[in-house]
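Okay, structure first, notes after.
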Amino acid sequence: MGLSKLSISDVDLKGKRVLIRVDFNVPMKDGKVTNTQRIAAAIPTIKYALDKGAKSVVLMSHLGRPDGHKVDKYSLKPVCPEVSKLLGKEVTFLNDCVGPDVVNACANPAPGSVFLLENLRFHVEEEGKGVSPTGEKTKATADQIKAFSESLTKLGDVYVNDAFGTAHRAHASMVGCQLPQKACGFLMNKELTYFAKALENPERPFLAILGGAKVSDKIQLINNMLDKVNELIIGGGMAYTFLKQIHNMHIGNSLFDAPGAEIVHKVMETAKAKNVAIHLPVDFVTADKFADDANTEIRTIQSGIADGWMGLDIGPKTIEEFSKVISRAKTIVWNGPMGVFEMDKFATGTKAAMDEVVKATKNGATTIIGGGDTATCCAKWDTEDKVSHVSTGGGASLELLEGKQLPGVVALTDAH
């Protein structure tokens, strides 16, 4: 999949109606938006369209999982004033996203108008399947999906996608708008530029840091990374499955992934054949229970982990080893924490890795944080602007790193 796509800055927007797929899937509480980060992230793309003389901007998004029917708590209406506030301009909310009323409102609007459509996922056609209010499974026919996509297409002259977080989903709003120019917005463009830098043309040594719980969840990621990287750090819960298989280490009550265990030796053989250095933890912070007030002690591969105890973070020697590996890398992709960072007692390893990645960035390395938990760590320790790129899409970035095609990216016009 080529990651170089037509960008909004390559398109003449003057006098055009610009239809933008944004990601306004924001956290809500009691009908109020509790975090406006995703809205703020889309503002530069919206502002750019208006500054370049777009006749109108039509914003479409999903919110939550209403499963193909109207659910009031998932309405985008409360999001509208927040968009307006951040944009510094009035935004008109439309009570649906398709149908004659919406098409008429967007047909010939006053120049400079901005509209926000109601939640795309109130229609089963957006995702293709859903669940009815009474709990039965529902499914849209190909003709229904086509009609839904055509109705969305009528709302603009140019299509822009800025919803990287949904790019791995072949939903109607992501792949169905058949306008002559389908460009990426600034957010999507930044994601694609950084991932292309790492996956298509990395400066070496190229290091992947992989954490998280299960080997079996990350197997495609590990296999694809072995084709690309020079070094690989494996931390988090999945390290115990590796250590038990390779060193026959006693891991106590630590996470063990039986299906994942079957592929450990294959991974090690592939790494050897491809000349990839794999780095595993050599010591651990262990705990007698999964809690902040647990008793802890440091254990090694040799000593093993006592029965009833579990490894919840990497130990001081491992931190020292991993820091050396991180400091010599020129390109770093990080997906998954080193330990249970949500509890301060077991956050030391992840925090140390983060500090080292920040240092590497200062020294000129390109550092990319895959979405999900690792992005949460950046927010927790305020390092979002101290690394090259924090991905906004957990699932989408994981699929890119696994070497998969992203339907929402494939659907965009290629850069000339």
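Quick reminder: no glycine exception, Cβ is built from N, Cα and C everywhere.
Site annotation (Swiss-Prot): ADP is bound by Gly212, Phe341, and the candidate from Gly235, Gly236, Gly315 recorded at this site is Gly236. Among Gly237, Gly364, Gly393, the residue that Swiss-Prot places alongside Ala213, Lys218, Gly311, Glu342, Asp373, Thr374 at the ATP binding site is Gly237. Considering only the binding-site residues Ala213, Phe341, Thr374, the residue whose Cα is spatially closest to the Cα of Val22 ((2R)-3-phosphoglycerate binding site) is Thr374. Closest to His168 ((2R)-3-phosphoglycerate binding site) in space, going by CA atoms and restricting to the binding-site residues Gly212, Ala213, Lys214, Lys218, is Lys218. A straight line from the CA of Gly236 (CDP binding site) to the CA of Phe24 ((2R)-3-phosphoglycerate binding site) spans 31 Å.
Report note: the Mg(2+) site is defined by Ala213, Asp217, Asp373, and the residues of the same chain whose CB lies within 8 Å of the CB centroid of those residues, excluding them, are Gly211, Gly212, Lys214, Lys218, Gly236, Gly237, Met238, Gly336, Gly372.
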